Amino acid sequence: MPYIYINIILAFVISLIGTLIYRSHLISSLLCLEGMILSLFTLNALLSLNINFALSTIVPLILLVFAACEAAVGLALLIIISNTYGLDYVQNLNLLQC
Amino acid sequence: TLTLTSLIILTLPITTTLLQNNKTNCFLYTTKTAVTYAFAISLIPTLLFVQSNQEAYISNWHWMTIYTLKLSLSFKLDFFSLTFMPIALFITWSIMEFSLWYMHSDPHINRFFKYLLLFLITMLILVSANNLLQLFMGWEGVGIMSFLLISWWHGRTDANTAALQAMLYNRIGDMGFIMMMAWFVIHLNSWEFQQIFLTNPKNTTLPLLGLLLASAGKSAQFGLHPWLPSAMEGPTPVSALLHSSTMVMAGVFTLIRFYPLMENNLTIQTLTLCLGAITTLFTAICALTQNDIKKIIALSTSSQLGLMMVTIGINQPHLAFIHMCTHAFFKAMLFLSSGSIIHNLNNEQDIRKMGGLYKTMPITSTAITIGSLALTGMPFLTGFYSKDPIIETANMSYINTWALLITLIAVSMTASYSTRIIFFALLGQPRYPSLTQINENNPYLVNPIKRLILGSIFMGFFISMNTIPHTTPQMTMPPHLKFMALAVTLLGFTVATELNNMTHNLMFKQPSRMHTFSTTLGYYPITTHRILPYLSLTMSQNLATTIMDSIWLEKMIPKNLTTMQKTAASLVSNQKGLMKLYFLSFLLSITLGLLIAL
């Protein structure tokens, strides 16, 4: 397997771990989520260019569209949480409000 | 000759308006003499018709052809139009002379005469039209002139609202008229009367319904009637011309014009009969307790119009027409004499403040007496020749008994309210301030009234002697039916005089329910004039703000979605929100899975 792919997959795994392990702020999880999406995008783009399969060049674009929606939803959730609590600390979320 | 003379009649008044010398004073006199000559000239075709019974149709100028519909300027000179035109011209002549006295101090009297003249011209167009388009032009013309003339004193809000009321109620009738025109042009491809009557279609209910609606609007039948008592805001000559003799006749006239179609359609006849019967009773009830002399006479006009509708409903259009012609005379005279009373008592219109005019205004009081007697159908005056045959024919025909009873009750009420006018205005002691000067000596006041008195007495005889009856009247009937009209009239007279004499000095603390019903015109204007605008305004408000803005834009999708999701989520989920724990367990399970696989 070419080294470039392993490199990007490694970036993906690191971002994944960053999403799942975080200390107190929810926004750091969302940031690592964006990192995951970025690495996936780069992987897809390089793959379709190297294999010379022109029809799959649309896949990274669609991925971008859904990523944008997902980022918007994540930020909306963040805003609602900080409306009720004032901060986005994770330990607040067990109070079962709203 | 017939053609030329009738066209000259129509153009004579028009040339007067075209001269447009508004500044000079002689405009008035030239107008009046133009109408006088027009009347004299219009007698020529009428007398020719009486002698030869020959109808004429004049079709002059081909205006346009829309595909297969040919529109031209055509006049129909038959019994109806030839008899009505001299009468209309005569009454307009008398009213113009009267308004030289009545509107003497008005600075815009030239404009007033111009409006009256325009009204006369459009009325003549309506009467002599041979196709529906021309009739519609005359119809709209009289509507507009009515609006302009009712709001003559346009500084007064009541006059403006009354004019608006007249216009709106007429418009509702116009919808029916347009529907009728549309039906005729679609099914019969013509607007000419000859073609309509020749083809004689079998399913004429829809256009005749439209015609009935149009006549109800123009002639103030029940449901579309409040504009007529309100139209008394205009000056008395306007009330005399428009709302007693000519304009409100336009609706009945059009119904009479369509009698060949109405003969075959029993549904429409029944509808006309019932509508006319309800109108005549309702307005007669309302006229019993009014206090404004002009309103009583206006409601009396409405009641007589209902009687004409009843006559059309029993398939006697010619009797209705004769009643229309004779009614014009005595109603115009009643209005003119009430105008004379009003002006002489310094603009006092309330009959509770008149009295004792029997000695001080002899000509006016004779006019009112003769007019009321003619109205109630006193034998051998004018009204007798038209009203009595109507009642006799109604009694002897195959008719709805309820409608007949109602008409008879209304006839007796006619006598009652006429007696009331005479009692309050003429008899008794004077109830007006004693410094008002009563002066009847002006020839402009006296001559029209005298002419109309002569007309009221003799015209019935003349018209019925010189016309050929189109349907044979019933000659033999039981005596109690023959004397029915006279009996109910005498009943009305006696009851009214007795009640007036007995209750003259009584005063009630609180009027009884029937009295308020009658005085407020049956609560009809109060309820409908508020309910209809209120309903349409609330409907539009609901549509605009509630439905569009608040429901469709806000609540339908966004708010509903949020509340639904929140309730569902809070019901269903039993999480405790320990995010870090969940993420760590996810990571642990992924790494374990990878390790086991590899």
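The backbone N, Cα and C atoms fix where each Cβ goes, and this holds for glycine too.
Curation does not apply to TrEMBL; its annotations are automatic.
In TrEMBL this protein carries:
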DOMAIN    B:129-411  domain 'NADH:quinone oxidoreductase/Mrp antiporter transmembrane'
DOMAIN    B:417-596  domain 'NADH dehydrogenase subunit 5 C-terminal'
SIGNAL    B:1-19  signal peptide
TRANSMEM  B:29-50  transmembrane segment
TRANSMEM  B:79-100  transmembrane segment
TRANSMEM  B:112-129  transmembrane segment
TRANSMEM  B:135-155  transmembrane segment
TRANSMEM  B:167-186  transmembrane segment
TRANSMEM  B:296-314  transmembrane segment
TRANSMEM  B:320-342  transmembrane segment
TRANSMEM  B:363-382  transmembrane segment
TRANSMEM  B:402-428  transmembrane segment
TRANSMEM  B:449-468  transmembrane segment
TRANSMEM  B:480-499  transmembrane segment
TRANSMEM  B:581-597  transmembrane segment
Residues of the parent chain within Cβ reach of the transmembrane segment (B:296-314), under 8 Å, 6 or more residues beyond its termini: 215, 219-222, 225, 228-229, 231-232, 239, 243-244, 248, 251-252, 255-256, 259, 262, 269-281, 283-284, 286-287, 290, 320, 323-324, 327, 331, 334-335, 338, 351, 375, 387, 390, 393-394, 397, 399, 403, 407, 410-411, 413-414, 417-418, 420-421
Interface present between the transmembrane segment (B:167-186) and the transmembrane segment (B:363-382) (three or more C-beta pairs under 8 A): no
Top partner of the transmembrane segment (B:320-342) among B:29-50, B:79-100, B:167-186 - counted as Cβ pairs under 8 Å: B:79-100
Within the predicted model, mean pLDDT of the domain 'NADH dehydrogenase subunit 5 C-terminal' (B:417-596): 84
Same-chain residues at least 6 beyond the ends of the transmembrane segment (B:79-100) whose Cβ lies under 8 Å from its Cβ atoms: 6, 9, 28, 31-32, 35-36, 38-39, 42-43, 45-46, 49, 55, 109, 112-113, 116, 120, 123-124, 127-128, 235, 237, 240-241, 245-246, 249, 253, 256-257, 318, 321, 324-325, 328-329, 332, 336, 339, 444-445, 447-449, 451-452, 455, 459, 463, 467
